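The FAD binding site feature in Swiss-Prot is assigned to 44-79. Annotation comment: Swiss-Prot describes CYS720, CYS726, CYS760, CYS764 as [4Fe-4S] cluster binding site. The feature siroheme binding site is assigned by Swiss-Prot to CYS764. Summarising the annotation, Swiss-Prot assigns domain 'Rieske' to 932-1040. Annotation source Swiss-Prot lists [2Fe-2S] cluster 2 binding site at CYS976, HIS978, CYS1001, HIS1004. The compositional bias 'Polar residues' annotation in Swiss-Prot covers 1094-1104.
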Amino acid sequence: MPLLDGPRNGETVTASAHNGIPIIDGVDPSTLRGDIDQDPNRRQKIVVVGLGMVAVAFIEKLVKLDSERRKYDIVVIGEEPHIAYNRVGLSSYFEHRKIEDLYLNPKEWYGSFKDRSFDYYLNTRVTDVFPQHKTVKTSTGDIVSYDILVLATGSDAVLPTSTPGHDAKGIFVYRTISDLERLMEFAANHKGQTGVTVGGGLLGLEAAKAMTDLEDFGSVKLIDRNKWVLARQLDGDAGSLVTKKIRDLGLEVLHEKRVAKIHTDDDNNVTGILFEDGQELDCCCICFAIGIRPRDELGGSTGIQCAKRGGFVIDESLRTSVNDIYAIGECASWENQTFGIIAPGIEMADVLSFNLTNPDKEPKRFNRPDLSTKLKLLGVDVASFGDFFADRDGPKFLPGQRPSAESIGAADPNREEEPQVKALTYRDPFGGVYKKYLFTMDGKYLLGGMMIGDTKDYVKLNQMVKSQKPLEVPPSEFILGAQSGGEENADDLDDSTQICSCHNVTKGDVVESVKSGTCKTIADVKSCTKAGTGCGGCMPLVQSIFNKTMLDMGQEVSNNLCVHIPYSRADLYNVIAIRQLRTFDDVMKSAGKCPDSLGCEICKPAIASILSSLFNPHLMDKEYHELQETNDRFLANIQRNGTFSVVPRVPGGEITADKLIAIGQVAKKYNLYCKITGGQRIDMFGARKQDLLDIWTELVDAGMESGHAYAKSLRTVKSCVGTTWCRFGVGDSVGMAIRLEQRYKSIRAPHKFKGAVSGCVRECAEAQNKDFGLIATEKGFNIFVGGNGGAKPRHSELLAKDVPPEEVIPILDRYVIFYIRTADKLQRTARWLESLPGGIEYLKDVVLNDKLGIAAEMERQMQELVDSYFCEWTETVRNPKRRKYFQQFANTDETVENVEIVKEREQVRPTYWPKDGANEDFKGHQWSSLSWQPVIKADYFSDGPPAISSANIKRGDTQLAIFKVKGKYYATQQMCPHKRTFVLSDGLIGDDDNGKYWVSCPYHKRNFELNGEQAGRCQNDEAMNIATFPVEEREDGWIYMKLPPVEELDSVLGTEKWKVKKGEAVDPFEAYDKKYSGMKGKRAGAKGIEGSKPTRSPSNTIDW
């Protein structure tokens, strides 16, 4: 078995290799070899020390090249507790905090090898190597034999141990996940203070970005001993431009500073820095990113030669000074150089894997590596390629000749040499672009260069340097051509061009993976070739090559909605509109690939949205209800514990006291958590499904309507008070906001959209980050469109100026309808506007100038939608037939709590989700016995259409989901293991061409198969599965399930066992509350603090 967590305490852990070669604990290594070499048929064992990016690259390449001969078994020993992760993308960890997102391969990959040919240790260090016995010893005491040993131990971050205070609390390095987690924990406890990064190289800028992304420090400063950042890659002009761009982003950079001493307090906490020039800087945290030191400690006693500057000495075949021991990556010293970037390590892995698997062929040689880099650092595009310092240091090589000693200025220091290189430089101070290309004196050869701000020609130019071919165009065209726009294009690149330097992937590799049929999607290409899985900077080119290759093969690069619909969302909208298709079945018969397909979790909501945008049916009507996502299905947003939120509409944020009181009475009666939203209305959380009808009955009776907080439709139109109250107001923002919200409420779109109206340029309503926003002027309103907040914020753009109030509606009608007609699935207006050819100018032509001649038609369509408005909740509460949809269980009126509720700040909320889900093998569980048991009457389920209906039933303490799909029944557990949520019966059902059905969890779209040999398997997360049960309808009118005894069923799937309870998850504020406990104000405010009291009780109040 592969070891995922290393050895457990008190146990001897072994990892068996093929043919019985053991890993033995506590045995004299001299006795280990024994008769191992006497078996001529055995596979050789390669032991890899280290499990980093280079080690994994070597293993992947070796396995691929050895797939036919099967000559080798592999054991890899990793020192970190994690499987191999992407160290190049380390800074992204601060954004998602998920180590799994950095894994180079999923955990399943490590267990996918046949014949036990691959084993691995984690959290285990190799402490000794015994070359004479061909064994290594680990930190757990295990002795591991090898035939070939590959050292891929990497490097350590350098810490200035000679600097006083280097061991203080608050000193960090930037190298591993553990380093980042310690830094994150420290930063969280020192909010608002100053953090410092020391080092202005590649790693230093990454560390500075990481500290900035934490958002805990009040300020972050970058300390660099050089005159400009990236001094090893850039000249002074380029480095100074990068420094300026970084400063413009708010990061303070201090150049020509060397740390002399680190100041500390009596508890050895960092308090500041003393520089060698006598200046001082106050700070609480210092992250050193000043270089790396090769991990070569295994060299000393083993006889493996190490270089003076560190690293195992290797030759051009990657051999060390000891037979059958090789070194690759940052721990290897080639010609007294070590390399701290990934590309040379990948090249080493390529050379060694080829030579080990092709002994009969001419061996590959490791030559001077390409140290070119292309990165995005702190939002700045930076690239250097080829011999980028040839003008400063003299050329390392001149095409067609070898430079003499004189030519590189080494023969006679007193002789004034003629230059061997000419530089062509381009500067654009307005666009922040700098380019310097270095040519031979005759301009026939490109030697190298550097780029800032615009790096799209990097791959093409780097290949020109590598090819050493005479140029076909004059040097001037490199600059003139660079000024033209356009995306990265791979059409004119040779197949030998390296596209991905992180993993040494060429254009030909990508092309071949597609042409061979191995890769049919861009995700397949990334998985197969590893292109784009390092720093990710090559992805535009990889996408371009993939698209071009697919087109060359006659394959269309699809933007189809999904596998069931051969149209884009915009095309499908037009098909449905022109053919007047009014149901899902009509759409599938007219526009689907298979007329009787069930669709899937992608096309069903998209088609439902289009039907609503065109015809506005009630979502709970029989033919539409099954198409809806869970939110639309129950007209409310589902929350973490399976309850829902209730949001009445508050147009423009204006509400009467009576309606506020009604909301308060409802919230108190049903014990709902209340919160004011960013859209100026009140959200009530924690409503049980079975209470939604009663809650909305009371709200409707109080004169309120659905706020559509659950829908991909208009949410709110926010407003400031404008001229209604404000002394600075220029226009009536409240009046306009209410009119707009009342006009566009309930209208479905490809995604949610929001509006705002500000009464003057002070912009209190934040209209310029909304899908549409208005700002009052003396002449009317300026209309802005295409903005949003969210994960990728975007300021809106000005569509029209000084529009009179009566002319606002036609403009917005056209804008919204054009968006509904042409946007892609789940595309916000910001991304839609960016994708329009010509952007805002094109939109102006369509909306304002009627370029397409459809303005009147779009206004008419909007008016029809506005006239068709009805409140969905008002209609629902008046229809008693819909009550059955709002039961928790279909077979009983009982109710259960799915997540433990806690009280906080005088309100209730569900306890936090734990980090891990329920990863037990429910699918493979062996029940002691199964018997047929009646569970629910068959008439609960629809005979169709629609072709699908479902129910959640309760058996003992266990919740079970039953699905009726095209007349057949399927049954599973109700709990989705991912977050232990009891919701599967509310999930959308999908199918494929092979008749395979799946249910998609409403929360995070884990898809579980319902039928076939793999029933219960999760299609998109192999770490989890669900239990399935036989189920059938019988002549007595009941549905029967084949179930184990109730007690046994509850012991495996019971709600009480799996519902999330308080204490399972880490309290995010535990450290904060511990640190700041007891800090209370001296006046009124918090409960329990004596404060001012009203002089008299207000009348006509409710009991809050």
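Each residue, glycine too, has its Cβ placed from N, Cα and C.
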| Pairwise Cα distance for ILE74 (FAD binding site)/CYS1001 ([2Fe-2S] cluster 2 binding site) [Å, integer] | 39
| remark: Long-range Cβ list for GLU79 (FAD binding site), cut-off under 8 Å, min separation 6+ in sequence, same chain only, gives GLY50, LEU51, ASN123, THR124, ARG125
| Secondary structure at CYS726 ([4Fe-4S] cluster binding site), reduced by DSSP to three states | coil
| Cα-Cα separation of CYS726 ([4Fe-4S] cluster binding site) and ILE59 (FAD binding site), in Å? | 69
| task | Indicate the candidate from CYS764, CYS976 with the smallest number of other Cβ atoms within 10 Å of its Cβ, considering only these binding-site residues. | result | CYS764
| Here are some binding-site residues: LYS64, ARG69, HIS978, HIS1004. Which one has the most Cβ atoms within 10 Å of its Cβ? | HIS978
| request: Compute the average pLDDT of the predicted model within the domain 'Rieske' (932-1040). | output: 91
| query | How many Å separate the Cα atoms of CYS1001 ([2Fe-2S] cluster 2 binding site) and ILE59 (FAD binding site)? | reply | 36
| request: Select one residue from ILE74, CYS726, CYS760: among these binding-site residues, choose the one with the most other Cβ atoms within 10 Å of its Cβ. | output: ILE74
| Of all the binding-site residues given, namely CYS720, CYS760, CYS976, HIS978, which is spatially nearest to VAL54 (FAD binding site) at the Cα level? | HIS978
| remark: Smallest Cα-Cα separation from CYS760 ([4Fe-4S] cluster binding site) among the binding-site residues GLN44, ILE59, HIS978, HIS1004 is shown by HIS1004
| said: Could you check which of the binding-site residues GLN44, VAL49, LYS64, CYS976, HIS1004 is the closest Cα neighbour of CYS764 ([4Fe-4S] cluster binding site)? | reply: HIS1004
| Going by C-alpha distance, which of the binding-site residues CYS720, CYS976, HIS978, HIS1004 is nearest to VAL49 (FAD binding site)? | HIS978
| Number of other Cβ atoms within 10 Å of the Cβ of GLN44 (FAD binding site) across all protein chains | 14
| task | With H, G and I counted as helix, E and B as strand and the rest as coil, say where DSSP puts ARG69 (FAD binding site). | result | coil
| query | Where ILE59 (FAD binding site) and CYS976 ([2Fe-2S] cluster 2 binding site) are concerned, what is their Cα separation in Å, rounded? | reply | 35
| Cα of GLN44 (FAD binding site) to Cα of HIS1004 ([2Fe-2S] cluster 2 binding site): how many Å, rounded? | 45
| request: Name the secondary structure element type, per DSSP in three states, that contains LYS64 (FAD binding site). | output: helix
| Near-site residues: [4Fe-4S] cluster, ref CYS720, CYS726, CYS760, CYS764, CB cutoff 8 A to centroid | VAL721, GLY722, PHE728, GLY729, SER733, SER758, GLY759, ARG762, GLU763, ALA765
| query | What is the interatomic distance between the Cα atoms of ARG69 (FAD binding site) and HIS978 ([2Fe-2S] cluster 2 binding site), given in whole Å? | reply | 40
